[in-house]
Amino acid sequence: MQEPDDVIFPLESDEKKVMMNCEARGNPPPTYSWFVNGTEVDAETDYRYNFIDGNLIITNASEITDFGKYQCKAENSYGIILSRDALLQFAYLGAFSAKTRGGVSVREGQGVVLMCTPPPHSPEIIYSWVFNEFPSFVAEDSRRFISQETGNLYISKVQRSDVGSYICLVKNTVTNARVLSPPTPLTLKTDGIMGEYEPKIEVHFPTSVLSAKGVTVRLECFALGNPVPTITWRKINGNIPKKARLRKSQAVLEIPNIQLEDSGTYECKAENPRGGTAFKGHLQVYTLPQWTRMINDTQMDSGEKLQWECKATGRPRPTYRWLRNGSPLTPQSRVEMLNGELTIHKVQQTDSGMYQCVAENKYGAIYSNAELKILASAPVFIPNPMRVIATLGKDVSLECKPRASPKPRITWKREDRRIQPSKRIMLLRNNTLRIVNSSRADEGNYVCRAENQFGSAEMTAMLWVKEAMRVELSPSRVEVTVGESVVLSCKATHDTSLDVAFQWLFNQKPINFQQDGGHFEYIQTQSSTVDLMIRSILLKHAGKYGCRAQTSADTVFAEAELLVRGPPGPPGVVIVEEITDTTATLSWTRGLDNHSPISTYNLQARSPFSLGWQTVRTDPDPVTGDMESAMAVELNPWVEYEFRVVASNAIGTGDPSSPSRSVRTKEAVPSVAPANVSGGNGRRHELVISWEPVSEEFQNGEGFGYIVAFRANGTRGWKEKMVTSADSTTYKYRDETFPPLTPFEVKVGVYNNKGDGPFSKVVTVYSAEGEPREAPSDVKASSISSSEIRVTWKPPNPGPGRPRGYEVSYWKEMEQEESGIKRRTAKNETSMVLTGLEGNSVYLITVKGFNSIGQGPASAAITAKTRKAPPAQPPSNLMWIQEGNNVSLSWDPVKAKDNESDVIGYMVLVRQEGRGHNQVTRTINPSTMLSLPEGGTYIIEVRAISEGGEGAVSSQIRVVTSSGELGRVTKSSQCSVHCLPQSLTWTALLVVLLVPSASW
C-alpha cells in the first residue's frame, strides 16, 4: 500500500533518526523485514535498527554504514511480496582546504579561468563567487560566467576593473549550508595588453547528455576570446523547442519539461570578429518504466492453465522478471516466461502464493503484485432443494451448478434411476437437464449428483408443470389528439395457485412512473388486471405500449399501438432553387403530418435588417399542404436572406424547418429616395444640404451613392453633384456670387451600379447667412464692487449673420489683450457680470457676436475700474441689551483705510441655530434693534458695507430667547456685564454668554 521512497538525510540534522516507510495489506496481517544492499537487517543484534509496524527506523545513521538500497518484505501465511528499492543518501558539505591559494596574473584583454575546487559534498551544490568581500557577488554577463557544472569562474576578457580577490561560495541544496573558499588574487601583468584572438570554448556540456523525461535540462557553453565572443545555439536536423529559454547571456540553453521529441544533437557556437568555434553534443531522454498492463488476483481450479501478462513502457525498453513469494521464478517444465508473459501449465496447490512482475531498465524498476489461489473443495449445492415451475407445452431447464474444485463429474437421477438422454430429455454441456415440450407426466423430483476426489453431494430439483398464462391488452390500437388522455387495460388469465406480476413498457423500455408521473399512472384494478392511464398526451407519447405479465412458471407479453394526432413536424431541408432581385424559389420535403393532413405551408425569411423571422408573401398564395415548392416574393434586392418553412394542419402549427443556407438576392436599381432632405447653416457663401441616409437594406446593390441636385429659385437648370459614400448625410456647395440666405430648390436622388433611382421631393433650402458681420453697439461697463463689473450692449443691426450669443473679453490695463479672459453668454443675453476681478484695477473690455459659423468683429475696447476693496477690519466691541425677545445691538464704527472703500452702512445677519437661512438687517448706523422670535438660540454677526462690497465679519454672539427674560448688557471684547436701570422690573435673569468667532 505504501512503497519506501528515496531519502536524502542531512548529516548535521538535529533529528538523528531516518525513517523508511512500508505498508502492506493482507489477512492475516503481514509481518515485515528489511534488506539493505541485499543483506537482511537484524534489529535484534543491532540496537540502531527498530521496526514500527512496517516502517524501519535507523538511529544515529551514518553514510559509512547506512548508505545504500533498502527493500521491504511483507509476508503472511498466503505469500510474500517485495517493495521497490529505495536509495538512502546523506546530505553534507565539507570545508574548503585552508591552504592559501596562489594568485593568478594575466594581461589585460586576456581570458582567465578561476578554479573553485569544491569540498566533499552530497548531493548537488550551487556555486557563486564573491568579489573582494562578502556580500559583493560577481554579476554574470556576456563577459563573466559561473559554471554550475565545474563551479569555476570564467572571464572571457579581463579588464582593469576585474583586478581583486575572488572567493568561491558553495551552497548545499538540501541543508542550505554554505562555505567559502580561500581567496584567489587576480592581478594584471605589466608587460602589455593582450591583442585580439579567436574564441576558445572553455566550458561546455558533455558529448552525451542523459536526462529523465519531464525534468529541466541545462546545457552550458562559454568561451574565452577578445573581443568578447557571442554564443549561439542550434539543433542539428531540427528546431530548438519553443519552450527552451536562453539564460546567462546565452551561455545556458534551458529546456523545461524535457520530452522524447527533444532528443537530438545540439550545437553551441562562439564567434567574434577574429573567428569562431563550435561544440556538439547529443541529448538523450530516458523514461522510467510505466505500467500499461498489470496482473490481477486470480483463483483457479487445480489442473487448469494460468496465463498472466504484464506490459510496461520505458526508454530503454524494460525487461521483465518474475518473483513468487519474494524469490525469483525460474523456467521449469510447467513454467514458461517470455517478454512479460507467465504461463503455468496444470497448476497445483503448491503454485499458490504471491507473484510479482518486475519491469526494469537501467534507470528504475516497478512491481505489479497479484495473488494466485488454487481451489480444492468437495462439491456443495446452494440452494438445495430447488423448486422449478414449468409451463405446459414449454421447454424447461433444470440447472446443476455445484461449488467444487476441481470440476466434479455430474449424473442425473429420477426416482433412483439414472436418466438416459433422449430427443425430449437432453443433458447439456453445462450439466443442465433440459426437458422439451413439458407435460404433467414430467412432474416429480430430479436428483443431480456431483463428485470429485474430495467428496460428493446431491441436489434435488422439484418440478411442477402448470397451464400456460394468457394476456389480453385492450384496446390494441387507439388514436388520440395531443392533450387528450387514454386508458390501456391489461388482463392476465393464469393458474390461480401462482401469483402474477405486471410491468408496463413503452417502446420496449420500462416506464418510470416516478419520473414520468405527470403523464403515466399505474392502476391496479383487480389481482389479475392492471390499467395504464396516459394523461395530457404529447406527440412523443406515440408508439408501442407493452404489458408484461410474469409468474414463477412463465412470462407473457402483449403490445398495443398508440397513434397521436398533433401539429405537423418540421419540414425537411429547405433548398433555394432560384434567386432573382425580389424573389426566391424554395423547395422542401414533407415532414410528419402526425396523423392529421397538412393544410398549408408558411414561408418565413430572416435578414440582417429584420427583427427575427418574418412571414413573406408567396406565389401561389396560399401554399397548400400538397405542395413542396413555392416562390417568396417582394424581397429586397441585394440582401442576404435565410428561409425556413412552417407546416400547419387542423390541429395547429408545427415547428419550423432548419434554416436554408444564406443567399443574396440579385442587384437592382435603387427604389427608395433619401428622406428628410433639409439644410442651412454653414459658412458665408455656402449651401449646406443634408438628408437621412438610405439603409443598406434598400441600397439594392454595390456602388451605392447619392445625386444632389439644386438650383436657385427662379432658375431653370439643375446642378447635380455625385456623393459616392453610402453613409454620407451632407453636401456643401460654395459659390462667392450668391448672397446669404439665398433660397434654393433642392432634391437628393440615389444610384448604384445598376443605374439611377428616384429623387426625393423638392424642398427649399437657404444658403448660409455666415458669421456675424457687425460688432455689438452701445457697449457700457460699470463697477459693481471691488471684484465685479457689469457689462451691457446692444445687438448689431438685423440681417444675415445673426448672433446666437456673445463673447466678452477682458484684461487689465497693463496686460496684453491676448492674455485676457473670454466668457460667453449662455443664450442671446445682452449683459454680463464679470466676477473674480482684482479691486481698484482698470480693465479693458470688448464684446463680439458668434454663431455656429464663427465669430464676428469685436467692439471697440472700453475701460472700467473696479472699486476699492471693502474694509478688512471687522466691526468690534459688539454690545447688546436683551429685554425679552428684543435685542438692542451696537458696535464700534469701522474706519476704512486709504486703499479701502468708504463704509456706507452695516449688515446684521441673524441665523437660528441648526438652520441655514440668514435674516439680514441693514443700517447706516453702528447700532440696531432686533426683534427675535420666542424660544430659540440665535447667532448674530455684523459686516461693514462699502462700495467695494461686504467687509470682514465680526465675532459671533449667541442669544437665547424665551418668554419673560431678564436683560443683560455684555461687551464682547471684554465679556463684562453692565447693570440695567432700576426702574425696570424683571421676572427672570438670563445670562448671555459671548461666543468667540467661529464657524457655525
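Every residue gets a Cβ built from N, Cα and C, even glycine.
Taken from TrEMBL, the feature compositional bias 'Polar residues' applies to 780-789.
Per TrEMBL, the feature domain 'Ig-like' maps to 4-83 (among others). In terms of DSSP secondary structure, the domain 'Ig-like' (4-83) contains 4 helix, 39 strand, 37 coil.
Marked as domain 'Ig-like' by TrEMBL: 106-181 (among others).
Sequence annotations record features per position, and here TrEMBL assigns domain 'Ig-like' to 199-284 (among others).
Per TrEMBL, the feature domain 'Ig-like' maps to 289-373 (among others).
Residues annotated as domain 'Ig-like' in TrEMBL: 379-460 (among others).
Predicted-model confidence for the domain 'Ig-like' (469-563) is 89, expressed as mean pLDDT. The annotation domain 'Ig-like' is assigned in TrEMBL to 469-563 (among others).
The domain 'Fibronectin type-III' annotation in TrEMBL covers 570-668 (among others).
Look at TrEMBL and you will find 673-770 (among others) tagged as domain 'Fibronectin type-III'. Using DSSP to sort the residues of the domain 'Fibronectin type-III' (673-770) gives these counts of helix, strand and coil: 3 helix, 49 strand, 46 coil.
In terms of DSSP helix, strand and coil, the domain 'Fibronectin type-III' (775-869) has 3 helix, 47 strand, 45 coil. Summarising the annotation, TrEMBL assigns domain 'Fibronectin type-III' to 775-869 (among others).
Here TrEMBL flags 874-964 (among others) as domain 'Fibronectin type-III'.
Positions annotated as region 'Disordered' by TrEMBL: 652-679 (among others).
If one looks beyond the region 'Disordered' (770-804) by at least 6 residues along the same chain, the residues whose Cβ comes under 8 Å of a Cβ in the stretch are 683-685, 739-741, 810, 828, 830-840, 843, 845-860, 862-870, 901, 947-949. TrEMBL lists 770-804 (among others) with the feature region 'Disordered'.
Break the domain 'Ig-like' (199-284) down by DSSP state and the numbers are 3 helix, 53 strand, 30 coil. DSSP labels the residues of the domain 'Ig-like' (469-563) in these numbers: 3 helix, 56 strand, 36 coil. Contact between the domain 'Fibronectin type-III' (570-668) and the domain 'Fibronectin type-III' (874-964) is absent: fewer than three CB pairs lie under 8 Å, with pairs separated by 6 or more positions in sequence. With DSSP classes pooled into helix, strand and coil, the tally for the domain 'Fibronectin type-III' (874-964) is 0 helix, 58 strand, 33 coil. Sorting the domain 'Ig-like' (106-181) by DSSP state (H, G, I as helix; E, B as strand; all else coil) yields 3 helix, 34 strand, 39 coil.
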